[in-house]
Amino acid sequence: PRQWLFSTNHKDIGTLYFIFGAWAGMVGTSLSILIRAELGHPGALIGDDQIYNVIVTAHAFIMIFFMVMPIMIGGFGNWLVPLMLGAPDMAFPRMNNMSFWLLPPALSLLLVSSMVENGAGTGWTVYPPLSAGIAHGGASVDLAIFSLHLAGISSILGAVNFITTVINMRSTGISLDRMPLFVWSVVITALLLLLSLPVLAGAITMLLTDRNLNTSFFDPAGGGDPILYQHLFWFFGHPEVYILILPGFGMISHIISQESGKKETFGSLGMIYAMLAIGLLGFIVWAHHMFTVGMDVDTRAYFTSATMIIAVPTGIKIFSWLATLHGTQLSYSPAILWALGFVFLFTVGGLTGVVLANSSVDIILHDTYYVVAHFHYVLSMGAVFAIMAGFIHWYPLFTGLTLNNKWLKSQFITMFIGVNLTFFPQHFLGLAGMPRRYSDYPDAYTTWNIVSTIGSTISLLGILFFFFIIWESLVSQRQVIYPIQLNSSIEWYQNTPPAEHSYSELPLLTN
(Lines of atoms letter the chains of each structure in order from A and count residues from 1; the text may use other names and numbers.)
(Lines give C-alpha, C1' and ligand atoms only; values in the text may rest on other atoms or scores of the structure.)
Protein backbone atom coordinates (compact mmCIF):
# COMPACT_ATOMS: atom_id res chain seq x y z
CA PRO A 1 0.00 0.00 0.00
CA ARG A 2 2.60 2.62 1.01
CA GLN A 3 4.83 1.42 -1.81
CA TRP A 4 2.07 2.21 -4.33
CA LEU A 5 0.56 5.30 -2.72
CA PHE A 6 3.84 7.16 -2.25
CA SER A 7 5.74 5.61 -5.15
CA THR A 8 8.56 7.54 -6.80
CA ASN A 9 9.48 4.64 -9.09
CA HIS A 10 8.70 5.13 -12.78
CA LYS A 11 7.91 1.42 -13.24
CA ASP A 12 5.43 1.28 -10.35
CA ILE A 13 3.78 4.53 -11.45
CA GLY A 14 3.62 3.22 -15.02
CA THR A 15 1.93 0.06 -13.74
CA LEU A 16 -0.60 2.19 -11.81
CA TYR A 17 -1.35 4.09 -15.03
CA PHE A 18 -1.90 0.79 -16.87
CA ILE A 19 -4.33 -0.48 -14.21
CA PHE A 20 -6.18 2.85 -14.10
CA GLY A 21 -6.36 3.02 -17.90
CA ALA A 22 -7.65 -0.56 -18.12
CA TRP A 23 -10.34 0.21 -15.54
CA ALA A 24 -11.38 3.44 -17.27
CA GLY A 25 -11.31 1.59 -20.58
CA MET A 26 -13.85 -0.90 -19.23
CA VAL A 27 -16.12 1.95 -18.11
CA GLY A 28 -15.73 3.72 -21.47
CA THR A 29 -16.39 0.48 -23.37
CA SER A 30 -19.53 -0.16 -21.30
CA LEU A 31 -20.79 3.31 -22.25
CA SER A 32 -20.08 2.64 -25.94
CA ILE A 33 -22.08 -0.60 -25.70
CA LEU A 34 -24.98 1.42 -24.22
CA ILE A 35 -24.72 3.82 -27.18
CA ARG A 36 -24.77 0.98 -29.72
CA ALA A 37 -27.61 -0.76 -27.88
CA GLU A 38 -29.70 2.42 -28.11
CA LEU A 39 -28.89 2.75 -31.83
CA GLY A 40 -29.27 -0.95 -32.62
CA HIS A 41 -32.93 -0.43 -33.37
CA PRO A 42 -35.17 2.55 -34.24
CA GLY A 43 -37.11 3.95 -31.31
CA ALA A 44 -36.07 4.69 -27.75
CA LEU A 45 -34.35 2.14 -25.53
CA ILE A 46 -32.70 4.00 -22.65
CA GLY A 47 -34.57 7.30 -22.56
CA ASP A 48 -34.49 10.74 -24.13
CA ASP A 49 -31.67 12.54 -25.94
CA GLN A 50 -30.37 14.16 -22.74
CA ILE A 51 -29.40 10.87 -21.09
CA TYR A 52 -28.13 9.62 -24.46
CA ASN A 53 -25.85 12.64 -24.84
CA VAL A 54 -24.64 12.32 -21.24
CA ILE A 55 -23.53 8.77 -22.15
CA VAL A 56 -21.88 9.95 -25.40
CA THR A 57 -20.07 12.79 -23.59
CA ALA A 58 -18.83 10.56 -20.77
CA HIS A 59 -17.76 7.90 -23.30
CA ALA A 60 -15.58 10.45 -25.13
CA PHE A 61 -14.02 12.00 -22.02
CA ILE A 62 -13.27 8.65 -20.40
CA MET A 63 -11.77 7.09 -23.52
CA ILE A 64 -9.59 10.15 -24.28
CA PHE A 65 -8.49 11.49 -20.90
CA PHE A 66 -8.72 8.38 -18.74
CA MET A 67 -7.91 5.52 -21.13
CA VAL A 68 -5.74 6.44 -24.14
CA MET A 69 -3.65 9.20 -22.53
CA PRO A 70 -2.95 7.41 -19.21
CA ILE A 71 -2.01 4.16 -20.99
CA MET A 72 0.08 5.65 -23.81
CA ILE A 73 1.80 8.52 -22.02
CA GLY A 74 1.51 7.43 -18.38
CA GLY A 75 1.89 3.67 -18.86
CA PHE A 76 4.19 3.14 -21.83
CA GLY A 77 5.84 6.57 -21.43
CA ASN A 78 6.79 6.06 -17.78
CA TRP A 79 7.90 2.48 -18.27
CA LEU A 80 9.90 2.89 -21.45
CA VAL A 81 11.30 6.44 -21.64
CA PRO A 82 13.75 6.08 -18.71
CA LEU A 83 14.74 2.55 -19.84
CA MET A 84 15.32 3.74 -23.41
CA LEU A 85 17.32 6.79 -22.29
CA GLY A 86 19.53 4.83 -19.88
CA ALA A 87 18.14 7.01 -17.08
CA PRO A 88 17.64 5.72 -13.51
CA ASP A 89 14.15 7.30 -13.33
CA MET A 90 12.17 10.35 -14.43
CA ALA A 91 13.53 13.84 -13.71
CA PHE A 92 10.84 14.61 -11.07
CA PRO A 93 9.77 11.30 -9.51
CA ARG A 94 7.43 12.78 -6.89
CA MET A 95 5.72 15.05 -9.41
CA ASN A 96 5.32 11.88 -11.49
CA ASN A 97 3.40 10.34 -8.59
CA MET A 98 1.21 13.44 -8.30
CA SER A 99 0.45 13.36 -12.03
CA PHE A 100 -1.03 9.91 -11.54
CA TRP A 101 -2.96 10.61 -8.34
CA LEU A 102 -4.70 13.63 -9.90
CA LEU A 103 -6.46 11.25 -12.31
CA PRO A 104 -8.69 9.19 -9.97
CA PRO A 105 -10.23 12.39 -8.49
CA ALA A 106 -10.66 13.75 -12.03
CA LEU A 107 -12.47 10.59 -13.13
CA SER A 108 -14.57 10.68 -9.95
CA LEU A 109 -15.65 14.26 -10.68
CA LEU A 110 -16.63 13.25 -14.22
CA LEU A 111 -18.68 10.29 -12.97
CA VAL A 112 -20.34 12.46 -10.31
CA SER A 113 -21.23 15.03 -13.00
CA SER A 114 -23.29 12.31 -14.70
CA MET A 115 -25.06 11.40 -11.46
CA VAL A 116 -26.25 14.84 -10.31
CA GLU A 117 -29.05 16.88 -11.94
CA ASN A 118 -29.46 15.84 -15.58
CA GLY A 119 -25.79 15.20 -16.34
CA ALA A 120 -23.59 17.01 -18.87
CA GLY A 121 -25.26 16.21 -22.20
CA THR A 122 -23.12 18.61 -24.18
CA GLY A 123 -20.90 16.36 -26.27
CA TRP A 124 -17.17 16.32 -25.41
CA THR A 125 -16.75 19.74 -27.07
CA VAL A 126 -18.95 21.40 -24.37
CA TYR A 127 -20.07 24.18 -26.77
CA PRO A 128 -22.01 27.09 -25.33
CA PRO A 129 -24.88 28.07 -25.41
CA LEU A 130 -25.91 24.43 -24.83
CA SER A 131 -23.33 24.18 -22.03
CA ALA A 132 -24.23 27.61 -20.60
CA GLY A 133 -26.34 28.24 -17.50
CA ILE A 134 -29.77 28.21 -19.13
CA ALA A 135 -29.63 25.05 -21.27
CA HIS A 136 -27.58 23.15 -18.69
CA GLY A 137 -28.56 24.43 -15.25
CA GLY A 138 -27.22 22.65 -12.19
CA ALA A 139 -23.77 21.44 -11.22
CA SER A 140 -23.16 18.81 -13.92
CA VAL A 141 -21.22 20.91 -16.45
CA ASP A 142 -19.30 22.65 -13.64
CA LEU A 143 -18.19 19.27 -12.29
CA ALA A 144 -17.17 18.16 -15.77
CA ILE A 145 -15.13 21.38 -16.12
CA PHE A 146 -13.33 20.72 -12.82
CA SER A 147 -12.68 17.14 -13.95
CA LEU A 148 -11.04 18.49 -17.11
CA HIS A 149 -9.01 20.95 -15.04
CA LEU A 150 -7.54 18.13 -12.92
CA ALA A 151 -6.86 15.89 -15.91
CA GLY A 152 -5.23 18.87 -17.64
CA ILE A 153 -2.99 19.71 -14.68
CA SER A 154 -1.97 16.05 -14.52
CA SER A 155 -1.01 16.06 -18.20
CA ILE A 156 0.87 19.38 -18.02
CA LEU A 157 2.94 18.16 -15.06
CA GLY A 158 3.62 14.91 -16.89
CA ALA A 159 4.64 16.85 -20.01
CA VAL A 160 7.11 19.03 -18.08
CA ASN A 161 8.52 15.86 -16.51
CA PHE A 162 9.04 14.07 -19.84
CA ILE A 163 10.57 17.11 -21.55
CA THR A 164 12.99 17.69 -18.66
CA THR A 165 13.89 13.99 -18.50
CA VAL A 166 14.67 13.84 -22.21
CA ILE A 167 16.72 17.05 -22.19
CA ASN A 168 18.74 16.31 -19.05
CA MET A 169 18.85 12.57 -18.49
CA ARG A 170 19.95 11.02 -21.80
CA SER A 171 22.82 8.64 -21.23
CA THR A 172 26.30 9.30 -22.69
CA GLY A 173 26.25 8.89 -26.46
CA ILE A 174 22.47 9.02 -26.88
CA SER A 175 22.36 12.22 -28.93
CA LEU A 176 18.96 13.56 -30.02
CA ASP A 177 19.24 12.03 -33.49
CA ARG A 178 20.14 8.61 -31.99
CA MET A 179 17.35 8.69 -29.43
CA PRO A 180 14.74 5.91 -29.91
CA LEU A 181 11.66 6.91 -31.93
CA PHE A 182 9.28 6.12 -29.08
CA VAL A 183 11.10 8.61 -26.84
CA TRP A 184 10.89 11.19 -29.63
CA SER A 185 7.16 10.56 -30.00
CA VAL A 186 6.60 11.06 -26.27
CA VAL A 187 8.62 14.27 -26.08
CA ILE A 188 6.77 15.75 -29.09
CA THR A 189 3.49 14.69 -27.49
CA ALA A 190 4.59 16.41 -24.27
CA LEU A 191 5.35 19.64 -26.14
CA LEU A 192 1.91 19.55 -27.74
CA LEU A 193 0.29 19.04 -24.32
CA LEU A 194 2.30 21.88 -22.82
CA LEU A 195 1.23 24.32 -25.53
CA SER A 196 -2.40 23.29 -26.02
CA LEU A 197 -3.81 22.42 -22.58
CA PRO A 198 -3.48 25.95 -21.10
CA VAL A 199 -5.74 27.20 -23.92
CA LEU A 200 -8.37 24.60 -23.02
CA ALA A 201 -8.02 25.57 -19.35
CA GLY A 202 -8.64 29.21 -20.32
CA ALA A 203 -11.69 28.33 -22.42
CA ILE A 204 -13.39 26.15 -19.80
CA THR A 205 -12.56 28.65 -17.03
CA MET A 206 -14.27 31.38 -19.07
CA LEU A 207 -17.23 29.02 -19.52
CA LEU A 208 -17.24 28.44 -15.75
CA THR A 209 -17.38 32.19 -15.04
CA ASP A 210 -20.07 32.66 -17.73
CA ARG A 211 -22.13 30.04 -15.91
CA ASN A 212 -21.52 31.17 -12.33
CA LEU A 213 -20.07 34.68 -12.11
CA ASN A 214 -22.23 36.53 -14.64
CA THR A 215 -19.47 37.17 -17.20
CA SER A 216 -20.39 36.98 -20.89
CA PHE A 217 -17.32 35.75 -22.77
CA PHE A 218 -19.56 33.50 -24.87
CA ASP A 219 -22.90 35.33 -24.53
CA PRO A 220 -23.78 37.74 -27.39
CA ALA A 221 -26.19 39.56 -25.07
CA GLY A 222 -23.16 40.83 -23.16
CA GLY A 223 -20.94 41.39 -26.18
CA GLY A 224 -19.44 37.89 -26.16
CA ASP A 225 -19.25 35.31 -28.94
CA PRO A 226 -19.88 31.56 -28.75
CA ILE A 227 -17.59 31.14 -31.79
CA LEU A 228 -14.68 32.35 -29.63
CA TYR A 229 -15.19 29.28 -27.46
CA GLN A 230 -15.04 27.04 -30.53
CA HIS A 231 -11.75 28.60 -31.64
CA LEU A 232 -10.21 28.20 -28.17
CA PHE A 233 -11.50 24.66 -27.75
CA TRP A 234 -10.29 23.44 -31.14
CA PHE A 235 -6.93 25.14 -30.76
CA PHE A 236 -6.54 22.60 -27.97
CA GLY A 237 -8.73 19.89 -29.51
CA HIS A 238 -6.83 19.41 -32.73
CA PRO A 239 -3.35 19.04 -31.17
CA GLU A 240 -5.08 16.70 -28.71
CA VAL A 241 -5.95 14.19 -31.44
CA TYR A 242 -2.26 14.15 -32.46
CA ILE A 243 -1.33 13.74 -28.78
CA LEU A 244 -3.51 10.61 -28.81
CA ILE A 245 -1.81 9.08 -31.87
CA LEU A 246 1.86 10.19 -31.73
CA PRO A 247 2.99 7.80 -28.95
CA GLY A 248 1.26 5.08 -30.98
CA PHE A 249 3.41 6.06 -33.98
CA GLY A 250 6.50 5.66 -31.79
CA MET A 251 5.47 2.23 -30.52
CA ILE A 252 4.55 0.98 -34.00
CA SER A 253 7.99 2.08 -35.30
CA HIS A 254 9.71 -0.03 -32.62
CA ILE A 255 7.49 -3.05 -33.12
CA ILE A 256 7.73 -3.09 -36.93
CA SER A 257 11.51 -2.54 -36.79
CA GLN A 258 11.98 -5.35 -34.28
CA GLU A 259 9.57 -7.85 -35.83
CA SER A 260 11.12 -7.25 -39.26
CA GLY A 261 14.52 -8.24 -37.88
CA LYS A 262 15.92 -4.91 -39.05
CA LYS A 263 18.48 -2.94 -37.03
CA GLU A 264 16.47 0.28 -37.28
CA THR A 265 13.34 1.76 -38.79
CA PHE A 266 13.65 2.84 -42.42
CA GLY A 267 14.49 6.56 -42.54
CA SER A 268 14.56 7.10 -38.79
CA LEU A 269 15.71 10.73 -39.08
CA GLY A 270 12.90 11.34 -41.58
CA MET A 271 10.52 9.72 -39.08
CA ILE A 272 11.63 12.23 -36.43
CA TYR A 273 11.16 15.19 -38.78
CA ALA A 274 7.78 13.80 -39.86
CA MET A 275 6.59 13.68 -36.23
CA LEU A 276 7.90 17.21 -35.62
CA ALA A 277 6.09 18.41 -38.75
CA ILE A 278 2.85 16.71 -37.67
CA GLY A 279 3.18 18.33 -34.23
CA LEU A 280 3.78 21.80 -35.68
CA LEU A 281 1.08 21.60 -38.38
CA GLY A 282 -1.37 20.25 -35.80
CA PHE A 283 -1.52 23.75 -34.28
CA ILE A 284 -2.45 25.62 -37.46
CA VAL A 285 -5.40 23.61 -38.77
CA TRP A 286 -7.90 23.83 -35.89
CA ALA A 287 -10.72 25.61 -37.74
CA HIS A 288 -11.29 22.64 -40.04
CA HIS A 289 -13.62 21.54 -37.23
CA MET A 290 -15.62 24.74 -37.82
CA PHE A 291 -16.24 24.83 -41.58
CA THR A 292 -19.99 25.23 -40.93
CA VAL A 293 -19.85 28.31 -38.67
CA GLY A 294 -19.68 30.84 -41.51
CA MET A 295 -15.99 31.64 -41.99
CA ASP A 296 -14.74 33.64 -45.00
CA VAL A 297 -14.05 31.66 -48.15
CA ASP A 298 -10.33 32.55 -48.00
CA THR A 299 -10.14 31.32 -44.39
CA ARG A 300 -11.79 28.07 -45.43
CA ALA A 301 -9.36 27.72 -48.34
CA TYR A 302 -6.38 28.16 -46.00
CA PHE A 303 -7.62 25.60 -43.45
CA THR A 304 -8.42 23.12 -46.23
CA SER A 305 -4.90 23.40 -47.70
CA ALA A 306 -3.08 23.35 -44.36
CA THR A 307 -5.04 20.27 -43.25
CA MET A 308 -4.16 18.41 -46.44
CA ILE A 309 -0.45 19.20 -45.93
CA ILE A 310 -0.52 17.13 -42.70
CA ALA A 311 -1.15 14.11 -44.93
CA VAL A 312 2.40 14.49 -46.32
CA PRO A 313 4.46 13.77 -43.14
CA THR A 314 1.85 11.16 -42.20
CA GLY A 315 2.40 9.51 -45.59
CA ILE A 316 6.16 9.59 -44.99
CA LYS A 317 5.58 7.59 -41.80
CA ILE A 318 3.27 5.06 -43.48
CA PHE A 319 5.68 4.43 -46.37
CA SER A 320 8.69 4.25 -44.05
CA TRP A 321 6.92 1.53 -42.06
CA LEU A 322 6.21 -0.33 -45.30
CA ALA A 323 9.86 0.11 -46.33
CA THR A 324 10.96 -1.28 -42.95
CA LEU A 325 8.79 -4.34 -43.58
CA HIS A 326 10.11 -4.69 -47.15
CA GLY A 327 12.08 -7.84 -47.88
CA THR A 328 11.59 -9.42 -44.47
CA GLN A 329 10.55 -12.97 -43.68
CA LEU A 330 7.67 -12.15 -41.34
CA SER A 331 6.56 -14.48 -38.62
CA TYR A 332 3.03 -13.37 -37.84
CA SER A 333 3.40 -12.80 -34.11
CA PRO A 334 0.43 -11.15 -32.34
CA ALA A 335 2.33 -7.86 -31.95
CA ILE A 336 3.10 -7.56 -35.67
CA LEU A 337 -0.52 -8.45 -36.52
CA TRP A 338 -1.69 -5.48 -34.45
CA ALA A 339 1.00 -3.28 -36.02
CA LEU A 340 0.03 -4.30 -39.57
CA GLY A 341 -3.63 -3.73 -38.68
CA PHE A 342 -2.64 -0.31 -37.36
CA VAL A 343 -0.86 0.71 -40.58
CA PHE A 344 -3.73 -0.44 -42.79
CA LEU A 345 -6.65 0.92 -40.76
CA PHE A 346 -4.91 4.15 -39.74
CA THR A 347 -4.39 4.77 -43.46
CA VAL A 348 -8.13 4.26 -44.10
CA GLY A 349 -8.93 6.72 -41.30
CA GLY A 350 -6.39 9.17 -42.73
CA LEU A 351 -7.97 8.98 -46.19
CA THR A 352 -11.44 9.81 -44.86
CA GLY A 353 -9.72 12.68 -43.02
CA VAL A 354 -8.45 14.06 -46.33
CA VAL A 355 -12.01 13.82 -47.67
CA LEU A 356 -13.29 15.84 -44.70
CA ALA A 357 -10.49 18.41 -45.09
CA ASN A 358 -12.28 19.75 -48.19
CA SER A 359 -14.35 22.56 -46.67
CA SER A 360 -17.09 22.36 -49.33
CA VAL A 361 -17.49 18.59 -48.85
CA ASP A 362 -17.36 18.98 -45.08
CA ILE A 363 -20.38 21.31 -45.11
CA ILE A 364 -22.39 18.25 -46.21
CA LEU A 365 -20.62 15.71 -43.98
CA HIS A 366 -20.13 17.83 -40.83
CA ASP A 367 -21.89 16.35 -37.78
CA THR A 368 -22.82 13.15 -39.63
CA TYR A 369 -21.70 9.60 -38.94
CA TYR A 370 -19.02 10.01 -41.63
CA VAL A 371 -17.06 12.08 -39.11
CA VAL A 372 -17.73 9.49 -36.37
CA ALA A 373 -16.43 6.76 -38.68
CA HIS A 374 -13.34 8.84 -39.55
CA PHE A 375 -12.17 9.53 -36.01
CA HIS A 376 -13.05 6.07 -34.75
CA TYR A 377 -10.89 4.57 -37.49
CA VAL A 378 -7.91 6.61 -36.28
CA LEU A 379 -8.74 6.11 -32.58
CA SER A 380 -10.46 2.74 -32.22
CA MET A 381 -8.21 1.21 -34.90
CA GLY A 382 -5.21 3.52 -34.61
CA ALA A 383 -4.62 4.44 -30.97
CA VAL A 384 -6.22 1.26 -29.58
CA PHE A 385 -4.42 -1.05 -32.03
CA ALA A 386 -1.13 0.65 -31.09
CA ILE A 387 -1.89 0.13 -27.39
CA MET A 388 -2.67 -3.55 -28.02
CA ALA A 389 0.47 -4.00 -30.13
CA GLY A 390 2.66 -2.25 -27.54
CA PHE A 391 1.15 -4.08 -24.59
CA ILE A 392 1.64 -7.51 -26.17
CA HIS A 393 5.13 -6.57 -27.41
CA TRP A 394 6.47 -5.29 -24.06
CA TYR A 395 4.39 -7.47 -21.72
CA PRO A 396 7.25 -10.02 -21.32
CA LEU A 397 9.60 -7.15 -20.40
CA PHE A 398 7.15 -5.55 -17.94
CA THR A 399 6.06 -8.75 -16.18
CA GLY A 400 8.64 -11.43 -17.00
CA LEU A 401 5.74 -13.63 -18.14
CA THR A 402 4.49 -14.90 -21.50
CA LEU A 403 1.02 -14.63 -23.02
CA ASN A 404 -0.71 -17.42 -24.96
CA ASN A 405 0.18 -16.62 -28.59
CA LYS A 406 -2.48 -18.80 -30.21
CA TRP A 407 -5.23 -17.16 -28.15
CA LEU A 408 -3.80 -13.72 -28.88
CA LYS A 409 -4.08 -14.36 -32.62
CA SER A 410 -7.72 -15.45 -32.26
CA GLN A 411 -8.35 -12.38 -30.12
CA PHE A 412 -6.80 -10.13 -32.78
CA ILE A 413 -9.06 -11.62 -35.48
CA THR A 414 -12.11 -11.16 -33.24
CA MET A 415 -11.29 -7.52 -32.52
CA PHE A 416 -10.34 -6.78 -36.14
CA ILE A 417 -13.68 -8.07 -37.41
CA GLY A 418 -15.56 -6.36 -34.57
CA VAL A 419 -14.20 -2.83 -34.96
CA ASN A 420 -14.45 -2.88 -38.76
CA LEU A 421 -18.00 -4.18 -38.64
CA THR A 422 -18.82 -1.44 -36.13
CA PHE A 423 -17.35 1.54 -37.92
CA PHE A 424 -17.16 0.80 -41.65
CA PRO A 425 -20.97 0.96 -42.13
CA GLN A 426 -20.98 4.36 -40.41
CA HIS A 427 -19.36 5.85 -43.54
CA PHE A 428 -22.49 4.81 -45.45
CA LEU A 429 -24.79 6.24 -42.77
CA GLY A 430 -22.91 9.55 -42.89
CA LEU A 431 -23.02 9.79 -46.68
CA ALA A 432 -26.76 9.09 -46.42
CA GLY A 433 -27.08 12.00 -44.01
CA MET A 434 -27.52 10.38 -40.59
CA PRO A 435 -26.61 13.06 -38.00
CA ARG A 436 -24.45 12.49 -34.91
CA ARG A 437 -25.53 12.83 -31.29
CA TYR A 438 -29.15 11.72 -31.74
CA SER A 439 -30.59 8.73 -29.90
CA ASP A 440 -33.03 7.84 -32.69
CA TYR A 441 -33.17 7.84 -36.48
CA PRO A 442 -35.53 7.31 -39.45
CA ASP A 443 -36.19 3.68 -40.45
CA ALA A 444 -34.11 4.02 -43.62
CA TYR A 445 -30.92 3.89 -41.53
CA THR A 446 -31.86 0.70 -39.68
CA THR A 447 -29.83 -1.91 -41.57
CA TRP A 448 -26.38 -0.39 -41.21
CA ASN A 449 -27.08 0.52 -37.57
CA ILE A 450 -27.93 -3.12 -36.83
CA VAL A 451 -24.66 -4.21 -38.51
CA SER A 452 -22.76 -1.60 -36.50
CA THR A 453 -24.28 -2.76 -33.21
CA ILE A 454 -23.47 -6.41 -34.00
CA GLY A 455 -19.87 -5.30 -34.64
CA SER A 456 -19.71 -3.57 -31.26
CA THR A 457 -20.86 -6.78 -29.55
CA ILE A 458 -18.09 -8.74 -31.30
CA SER A 459 -15.55 -6.09 -30.20
CA LEU A 460 -16.79 -6.43 -26.61
CA LEU A 461 -16.22 -10.19 -26.74
CA GLY A 462 -12.72 -9.48 -28.07
CA ILE A 463 -11.94 -7.15 -25.15
CA LEU A 464 -13.23 -9.69 -22.61
CA PHE A 465 -11.13 -12.39 -24.32
CA PHE A 466 -8.06 -10.13 -23.97
CA PHE A 467 -8.62 -9.67 -20.23
CA PHE A 468 -9.00 -13.44 -19.91
CA ILE A 469 -5.68 -13.98 -21.75
CA ILE A 470 -3.92 -11.58 -19.35
CA TRP A 471 -5.53 -13.30 -16.35
CA GLU A 472 -4.45 -16.71 -17.64
CA SER A 473 -0.87 -15.47 -18.07
CA LEU A 474 -0.77 -14.01 -14.55
CA VAL A 475 -2.10 -17.16 -12.88
CA SER A 476 0.03 -19.56 -14.96
CA GLN A 477 3.27 -17.66 -14.25
CA ARG A 478 5.21 -18.86 -17.32
CA GLN A 479 8.51 -17.10 -16.60
CA VAL A 480 10.59 -15.60 -19.40
CA ILE A 481 14.12 -17.06 -19.22
CA TYR A 482 15.61 -14.75 -21.85
CA PRO A 483 14.09 -12.46 -24.49
CA ILE A 484 13.74 -14.05 -27.93
CA GLN A 485 14.15 -10.67 -29.62
CA LEU A 486 17.30 -9.21 -31.08
CA ASN A 487 18.00 -6.22 -28.86
CA SER A 488 16.63 -3.63 -31.25
CA SER A 489 16.64 -1.05 -28.47
CA ILE A 490 18.18 -0.96 -25.04
CA GLU A 491 15.14 -1.68 -22.88
CA TRP A 492 15.56 -5.38 -23.80
CA TYR A 493 18.97 -5.47 -22.05
CA GLN A 494 17.09 -5.35 -18.73
CA ASN A 495 16.07 -8.40 -16.74
CA THR A 496 12.48 -9.56 -17.27
CA PRO A 497 10.97 -7.91 -15.31
CA PRO A 498 13.62 -5.18 -14.78
CA ALA A 499 15.14 -4.64 -11.34
CA GLU A 500 13.34 -2.10 -9.18
CA HIS A 501 16.21 0.33 -9.73
CA SER A 502 17.61 -0.06 -13.23
CA TYR A 503 20.77 1.76 -14.38
CA SER A 504 22.30 2.24 -10.95
CA GLU A 505 25.42 2.32 -13.13
CA LEU A 506 24.71 4.44 -16.20
CA PRO A 507 25.17 2.80 -19.61
CA LEU A 508 27.28 4.20 -22.44
CA LEU A 509 26.36 4.21 -26.12
CA THR A 510 29.47 3.80 -28.27
CA ASN A 511 29.73 4.23 -32.00
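Just so you know, glycine gets a Cβ as well, placed from its N, Cα and C.
Keep in mind it's a predicted model, so treat the numbers as computed, not measured.
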Problem set entry | Candidate from H238, H374, H376 that Swiss-Prot assigns to the same Cu cation site as H288, H289 | H238
Problem set entry | Residues of the parent chain within Cβ reach of the transmembrane segment (378-398), under 8 Å, 6 or more residues beyond its termini | 11, 15, 63, 68, 71-72, 76, 79-80, 241, 244-245, 247-249, 251-252, 254-255, 258, 334-336, 338-339, 341-342, 345-346, 348-350, 353, 408, 412, 415, 419-420, 422-423, 466, 473, 480, 483, 491-492, 494, 496-498
Problem set entry | H238 (Cu cation binding site) to H376 (Fe(II)-heme a binding site) - Cα separation in whole Å | 15
For this session: Between the Cα atoms of D367 (Mg(2+) binding site) and H288 (Cu cation binding site), find the distance and write it as a whole number of Å.
Result: 13
Exercise. With the Cu cation site defined by H238, H288, H289, which remaining residues of that chain have Cβ atoms positioned within 8 Å of the Cβ centroid?
Worked result: W234, G237, V285, W286, A287, M290, F303, T307
For this session: Quick one: pull the CA-CA distance for G43 (Ca(2+) binding site) versus H289 (Cu cation binding site), whole Å only.
Result: 30
For this session: Based on Cβ atoms within 10 Å, give me the single least packed residue among the binding-site residues E38, H59, Y242, H366, D367.
Result: D367
